[in-house]
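As structure tokens, the structure follows; a few thoughts come after it.
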């Protein structure tokens, strides 16, 4: 290939270079108005006329990928102002000037210093100018020219993908489109055949072919079967130079997969299947599974199962398991071994998705025979009915037979059966059953008005196998008997005005009856015989199970008779006739002109409920006595004397003890002001304490005396409680108020002891100067240092 490139280069250089002339762009600003032209001569595909110009150019085409050891000559720059004395300097600027292209500033020769690649940059635009060396001014306007890079076939075709993936349905016709591959060539498509790509297949025949110009891959073999071979690898070559010898080429791989079509019917691996199931299997119980195989995949391998014919067409069913594609045989109806022991079915497997163009391959279904054998099971007794409904009159006597139930063993053995009542459904044991024949009879009296329906359960059990039992519901309806008399629907109490007129309606009566006669209720109303004669009221039956009470005379006097009690007889028309007597209370009241009641007799409206006058007086006296007792107790409690705090004949202020062995001064014997202890209000402001070390003499603060009625004991108890609950209380030092000893005291304050410091830090020699009272204390603390020294 390198030899070929050299050949092209030599061929190009050896060609005669025709000359042409063309005007180039000129920049005239800054120059005298003198018309100048440039003359360029060099390589060109067309021969042009030559004319004299200010510039002469020998070459403007370069071959790419030049591999010579010397710089590649581009052309020569010359100005007609150049006299050959070196007074002019040639300058080159533009694309690649000084790097890719250099110019001899004396001769104007231009050379390429590096190997150029047309695919990187096909055209370079440069500018040339001649400058006077002495003045540094241009002698010609700057002119622009172009260097074009000629293409050579140095790039092979490259596919857009290294590996292609494609699919095509199996059994496709010849020429079915599969995929299109594309390769690109970086060479110049406008120059020669360097970029003209031709496709060919290197691997994959005779199954596939490729169009040389488009790169479209098509099927080349008829009826390719996925079940025989699914994957194909095809290698495609793209070659430039129109596929001629010496062209560059590239390859790509195309992985082609045949997709499935439904071209295979399902097939049972065997023609006959046999299963067993007990006769006690409930509907929906699976018996067995059958499976047909299909060489296809996906939805083309889906199978539907159905029972097409056979003795058990109505007794069994088949459903399809969508995950395993199996047919599940299930029980459709209850089986009976005693009736039929063996069933034969024909099960068919078919594809739900069939392509019509493959029907010529045959029917896409298969069938198999399934034999089902029913196994005998010891079954519980079976009642002749699913439920029983019986009736009985509510006046039936005990042990009256209502009806019977029947059950028998369905097995061939015909085991005997006994009957019983489930007592959970008959807690009151109202009914009983004959265990031998199933007769139902009463064991207690019935009442329809208490319970109309009795729902009980009867159990039938095999005598030889008590585990085998069955149940049946029994509904017993109690028939009505006219055994309840009618009665008022409510308690009737009404009134009549004193000025009422005769035949005036004062009350409408209604009745109810607990019985439920077949023809409905029909009540009749009348006054009791003892009240029918001489009554001040009459009753009128409305023939609609209601009646009205009317006045018989004009005017009533409530002072003579305030209340009338009317006995009313209510009867039904059923058999036997039942009747009852109800009382209607009629009160005589004063009414206004519109007939509205205003007032009745006190006994008629208000019952004397409450306490008598004597009882009220007694209760009032008890309350007064209790109040007096409470008042006296409170007064005595307030006047009770308080115990003294200190029982002493001495003055409470004499709390400074006088010693006879040492005369005290006036300040020692003078009683101090006790107001400090008896003024809690003054001390209340200084409850918060701060622990400090006293640094100066404590000056006692005089507090005015407290009020005489201040209880000192209560104050001391209060202070004691506060100190007990105060977390800042001693043993550590704090400012406190002590009894004032006078200004002449040797120990200014107890705080001067500074008990917070350690014994080693104290000098107790001054205790011996305090006098005989502190002699013992001075001996105790004064010997500490001597003990340590010893």
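Any Cβ shown, glycine's included, is placed from N, Cα and C.
Within the list 455, 723, the entry that Swiss-Prot describes as N-linked glycosylation site is 455.
Feature annotation (Swiss-Prot): of 616-636, 637-657, 658-678, the stretch labelled transmembrane segment is 616-636.
Between the stretches 199-229, 230-260, 261-291, Swiss-Prot puts its region 'Disordered' entry on 261-291. Sequence-distant contacts of the compositional bias 'Polar residues' (269-279) (same chain, six or more residues past either end, CB-CB distance under 8 Å): 285, 287-288, 290-293, 329, 331, 335-337, 347, 368-377, 379.
Residue pair residue 399 (N-linked glycosylation site) / residue 437 (N-linked glycosylation site) shows a Cα separation of 15 Å. Of the recorded residues, residue 455 (N-linked glycosylation site) and residue 437 (N-linked glycosylation site) place their C-alpha atoms 20 Å from one another.
Through the fold, the transmembrane segment (616-636) approaches none of its own chain's residues that are at least 6 residues removed from its boundaries at a Cβ separation under 8 Å. When the alpha carbons of residue 536 (N-linked glycosylation site) and residue 437 (N-linked glycosylation site) are compared, the span between them is 67 angstrom.
In this structure the alpha carbons, written CA, of residue 255 (N-linked glycosylation site) and residue 437 (N-linked glycosylation site) are 85 Å apart.
Using DSSP to sort the residues of the compositional bias 'Polar residues' (269-279) gives these counts of helix, strand and coil: 0 helix, 7 strand, 4 coil.
Of all the Cβ atoms in the protein chains shown, 14 others lie within 10 Å of the Cβ of residue 255 (N-linked glycosylation site).
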